[in-house]
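Now, the feature entries from Swiss-Prot:
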BINDING   Cys14, Cys17, Cys34, Cys37  Zn(2+) 1 binding site
ZN_FING   14-57  zinc finger
BINDING   Cys29, His31, Cys53, Cys56  Zn(2+) 2 binding site
ZN_FING   81-122  zinc finger
BINDING   Cys86, His89, Cys105, Cys108  Zn(2+) 3 binding site
BINDING   Cys97, Asp100, His114, His117  Zn(2+) 4 binding site
COILED    135-232  coiled coil
MOD_RES   Cys144  S-nitrosocysteine
MOD_RES   Ser255  phosphoserine
DOMAIN    271-475  domain 'B30.2/SPRY'
Amino acid sequence: MSAAPGLLHQELSCPLCLQLFDAPVTAECGHSFCRACLGRVAGEPAADGTVLCPCCQAPTRPQALSTNLQLARLVEGLAQVPQGHCEEHLDPLSIYCEQDRALVCGVCASLGSHRGHRLLPAAEAHARLKTQLPQQKLQLQEACMRKEKSVAVLEHQLVEVEETVRQFRGAVGEQLGKMRVFLAALEGSLDREAERVRGEAGVALRRELGSLNSYLEQLRQMEKVLEEVADKPQTEFLMKYCLVTSRLQKILAESPPPARLDIQLPIISDDFKFQVWRKMFRALMPALEELTFDPSSAHPSLVVSSSGRRVECSEQKAPPAGEDPRQFDKAVAVVAHQQLSEGEHYWEVDVGDKPRWALGVIAAEAPRRGRLHAVPSQGLWLLGLREGKILEAHVEAKEPRALRSPERRPTRIGLYLSFGDGVLSFYDASDADALVPLFAFHERLPRPVYPFFDVCWHDKGKNAQPLLLVGPEGAEA
């Protein structure tokens, strides 16, 4: 039996334009297309020079496309069959086979391969199938909409990737640039110090060398005198011996002490590298925020200076708190005027020898009335000192987490906040040239937040020391 009528036409049709092949080419995966159709659909080659097969998505090289002469000859032969007639029997295609979804002639339907199939007159099949087109069109439109959304999402993600990479490269370049500037300045400073030491040591050593050479010359002269005296007659020998030996003893007594030069240069060790890292850490911090305390938020017992950069707890009886929800009525605390909501920020607070305090940030929506529960879930991220020696982080727990006691109690605290990285870090900033990490919260903070300062109760004068905000010119006295 020959192939079913219509199936040959289907097999010789391009899967892209659904028409008979025109200049058919075959890809490496085995699928065939009109050359023009493939060029239109495949688009520009990828980085490796390949295009994707529209049927199976397999990569194929455009230069490997081969003209399919056998297909071309079959198409040419099929084109000679009158349109609407069976390729095998040349009879009109008047019957529709539902089972094979193909038009067939009467001979194929009654005697050929479609005998016994579900068959309909072509006119009836046309009317029935035409009613199904709107539903199929709707399905096609819905599929297009879904794919268009997918395309939009991918295009947006592509833009996001480009922007993320651009920002990453910018941040890397900026930070590494700062590191290079810092290290170049440090290298220059150390080189100048080494040159200074070399110069001073050279002058001192040359001075010592001149003195020693002069003394050595005296010793050699005395050696010659002794040799001359040894050859003298008895009387002259005895007369000169006492003079010569007396002079020799005087010269020996004036012997210059051995040179002792103390060269003061840093020892290049792991500790040196650690010190450089700490100094570089400070150099990479953003510029100091110029914060001021917000008096309207301060507990009634707190006194804020006219400059807004000094706050202390008064030992005088405080008036009752007002009704302003922005004011702390139980916690002896205050926030900064400035709210922070994006980017990087760094500020410093002089705590001096104050034995109790807490610093950090508070969410703008966090309550300020009543007793504060100082944990992140309540909008507070704090580091504090108690009893003058115990640093503690106010983490999500019943009690604050006590940290390892530092070698020395910090007198100045540095706080670094990065919304992009989701980090709030605390540092011992007592050394003007270096920062020592103390603790860090790693989480995405709500926006905005306010710098928070818990001055704590004065404790009958034991904790009366102020908190001072540090500006570019230093802390207020």
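Cβ coordinates come from backbone N, Cα and C, glycine included.
Sequence features, as recorded in Swiss-Prot, placed on the structure.
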residue	record	contacts (Cβ under 8 Å, 6+ apart)
Cys14	Zn(2+) 1 binding site	Leu20, Phe21, Asp22, Pro24, Ser32, Phe33, Cys34, Cys37
Cys29	Zn(2+) 2 binding site	Cys53, Cys55, Cys56, Ala58, Thr60
His117	Zn(2+) 4 binding site	Cys97, Glu98, Gln99, Asp100, Ala109
Cys144	S-nitrosocysteine	none
Ser255	phosphoserine	Tyr215
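Taking DSSP states H, G and I as helix and E and B as strand, the zinc finger (81-122) has 6 helix, 11 strand, 25 coil. Cys56 (Zn(2+) 2 binding site) is surrounded by 11 other CB atoms, counting those within 10 A of its CB over all protein chains shown. Distance noted between the C-alpha atoms of Cys105 (Zn(2+) 3 binding site) and His114 (Zn(2+) 4 binding site) is 10 Å. Comparing the binding-site residues His31, His89, His114 by how many other C-beta atoms lie within 10 angstroms of each C-beta, the top residue is His114.
Here the binding-site residues are Cys17, Cys37, Cys86, Cys97, Cys105; the one with the fewest Cβ atoms within 10 Å of its Cβ is Cys17. Here the binding-site residues are Cys34, Cys53, Asp100, Cys108, and the one ringed by the most other CB atoms within 10 angstroms is Cys108. According to DSSP, Ser255 (phosphoserine) sits in a coil region rather than a helix or strand. Of the candidate binding-site residues, Cys17, Cys86, His89, Cys108, the one lying closest to His31 (Zn(2+) 2 binding site) when CA atoms are compared is Cys17. Here the CA atom of His114 (Zn(2+) 4 binding site) lies 13 Å from the CA atom of Cys86 (Zn(2+) 3 binding site).
Apart from the site residues Cys29, His31, Cys53, Cys56, the chain places the Cβ of Ala27, Glu28, Gly30, Pro54, Cys55, Gln57, Ala58, Thr60 no farther than 8 Å from the centroid of the site's Cβ atoms, the recorded Zn(2+) 2 location. Note on proximity: among Cys17, His89, Cys108, the binding-site residues of the record, the Cα nearest His114 (Zn(2+) 4 binding site) is that of Cys108. The helix, strand and coil residue counts that DSSP assigns across the zinc finger (14-57) are 8 helix, 9 strand, 27 coil.
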